[in-house]
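Chemist: Quick one: this structure, given as structure tokens, is what I'll be asking you about.
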Amino acid sequence: MKFVLLLSLIGFCWAQYDPHTSDGRTAIVHLFEWRWVDIAKECERYLAPKGFGGVQVSPPNENVVVHNPSRPWWERYQPISYKICTRSGNEDEFRDMVTRCNNVGVRIYVDAVINHMCGAGNPAGTSSTCGSYLNPNNREFPAVPYSAWDFNDNKCNGEIDNYNDAYQVRNCRLTGLLDLALEKDYVRTKVADYMNHLIDIGVAGFRLDAAKHMWPGDIKAVLDKLHNLNTKWFSQGSRPFIFQEVIDLGGEAIKGSEYFGNGRVTEFKYGAKLGTVIRKWNGEKMSYLKNWGEGWGLVPSDRALVFVDNHDNQRGHGAGGSSILTFWDARMYKMAVGFMLAHPYGFTRVMSSYRWNRNFQNGKDQNDWIGPPNNNGVTKEVTINADTTCGNDWVCEHRWRQIRNMVAFRNVVNGQPFSNWWDNNSNQVAFSRGNRGFIVFNNDDWALSATLQTGLPAGTYCDVISGDKVDGNCTGLRVNVGSDGKAHFSISNSAEDPFIAIHADSKL
């Protein structure tokens, strides 16, 4: 009995680090600003059959409607109530999405904005996505309800201007946003009620927006109030998966490690450093990636949520600066995402974006605020073209063959060791995942031609970067692995995608 009790305690302690994906699925995708009706369809027609584990959705709760500039993406990070009612859809549509995605084994993770309400400067009235009244100047949010008692004005009513002062970072206003007093049980209860409503609907977990701006103990107090996941889709006693947005590039008062007790943290150093390597800036080269992960100063793998770019830093917000790779840098981006999905470190998130007209002046995009593709503020449908790409300015990186097939690669090699590393002391590298998968990159300015140990059983394999295995045939390159596990690889430095990946399920 003692043994059983101990196991159940361990299970409880570890639950918030477990994404609760089904069938050994290992990656999630952020369908940034997508409507719930489009996500429900995408779960059924694409994400489930292609092996995606889940979707991070944009904040589902009512936000302020901003008209200057016109309907920016960041208005969704200015809540005014916890009603499920945004330009992505209403509560019925949200419930339908969660049910349909769960029914095909794809989980939903909610971007929870619980550090603050909207900016103090928003006018009083009903300029909100569901018509609820707000009076930020008087701290009135009657749809919750919150009043002046529920904010941190008595501790700090100014902006954060010193990130070396943890008190300021957590009690003052992030870019003018009214900071909630999360040490008050009333506020904790209101936040937990909102999150529990979503858990009961069937979500699997949460991204905690602006976690760095909340005290770890306050977050824990909220998490302690949360229900177990819905047993219709999750095993009894399952706790919500938690990943906290903590931007810690080093050199500030607050460290990501302070939040490990609550769940995983977003490892922003990952994309910033990998981008620098793939761009070959500062003398970095891919051969240095041999000890990628903790060896590069990243948080422990089982505490990391990793990504090449996110909705903030792909437009110069958040963290990472100019080294961040995005869909605008497609060739390098596919290499970076390929490396991420092949490497065992961290739990991976793929980005799915929309296009906007960039306008750089003095190195800054003046249009970094632009919201999703829309007609007069109504978000456009995600249409699917004949070639399986998306229309209406939705980028759908998760549908790019090279990325989609690497999501499948990660599923196939899950749990296998990082082995058979090879490099040329420059930017040609290769490694296997045990005997289940092998990947080789050429990021040099000259051709790669090498016979490498793949670790794979003998046979002919289909390269899943240049093509697909279809009905036992290969639409891309074929790789012949000998009885000694070796194969010859040739990759031109001018190839559209200068990398090759093969795995157990791509064997012909």
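Using the three backbone atoms N, Cα and C, a Cβ is placed for every residue, glycine included.
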Chemist: Check Swiss-Prot and name the cysteine among CYS13, CYS130, CYS156 that pairs with CYS85 in a disulfide.
Modeler: CYS130
Chemist: Check Swiss-Prot for me: it has ASN310, ARG349 binding chloride, so pick out which one of ARG188, ARG207, ARG433, ARG436 it puts in that same site.
Modeler: ARG207
Chemist: Can you match one of ASN103, ASN115, ASN262 to the Ca(2+) site that Swiss-Prot gives for ARG170, ASP179, HIS213?
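Modeler: So, going by the record in Swiss-Prot, that would be ASN115.
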Chemist: Identify the disulfide partner of CYS390 as annotated in Swiss-Prot; candidates are CYS396, CYS462.
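Modeler: The record-listed partner cysteine is CYS396.
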Chemist: Can you look up which of CYS43, CYS118, CYS156 is joined to CYS101 by a disulfide in Swiss-Prot?
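Modeler: The record-listed partner cysteine is CYS43.
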Chemist: Quickly, which of GLN16, GLN168 does Swiss-Prot have down as pyrrolidone carboxylic acid? Just give the residue.
Modeler: GLN16
Chemist: CYS172 has a disulfide partner in Swiss-Prot; which of CYS118, CYS156 is it?
Modeler: CYS156
Chemist: Let me know the largest Cα to Cα distance in Å among the chloride-binding residues ARG207, ASN310, ARG349, as an integer.
Modeler: 12
Chemist: So which recorded positions are near ASP179 (Ca(2+) binding site), with CA atoms within 10 Å, out of CYS130, ARG207, GLU245, ARG349?
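Modeler: Those close enough: none at all.
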Chemist: I need the neighbours of the Ca(2+) site defined by ASN115, ARG170, ASP179, HIS213. Which other residues of that chain put their C-beta within 8 angstroms of the C-beta centroid, in sequence order?
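Modeler: Those within range, site residues removed, are HIS116, ASN152, VAL169, ASN171, CYS172, LEU174, LEU180, LEU182, ALA210, LYS212, MET214.
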Chemist: Hey, of the disulfide-bonded residues listed (CYS101, CYS130), which one tops the CB count within 10 A?
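Modeler: Its Cβ has the most other Cβ atoms within 10 Å: CYS101.
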Chemist: I'd like to know which of these disulfide-bonded residues, CYS43, CYS85, CYS172, CYS396, is least surrounded, judged by other CB atoms within 10 A.
Modeler: CYS172
Chemist: To the nearest whole angstrom, state the Cα distance for the pair ARG207 (chloride binding site) and HIS213 (Ca(2+) binding site).
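Modeler: That separation, Cα to Cα, works out to 14 Å.
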Chemist: What's the most sparsely packed of the disulfide-bonded residues CYS156, CYS390, CYS474, counting other C-beta atoms within 10 A?
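Modeler: Among the disulfide-bonded residues CYS156, CYS390, CYS474, the sparsest Cβ neighbourhood within 10 Å belongs to CYS156.
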Chemist: Pop the Cα-Cα gap between ARG170 (Ca(2+) binding site) and CYS130 (disulfide bond) into the table, whole Å please.
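Modeler: Between the alpha carbons of CYS130 (disulfide bond) and ARG170 (Ca(2+) binding site) there are 29 Å.
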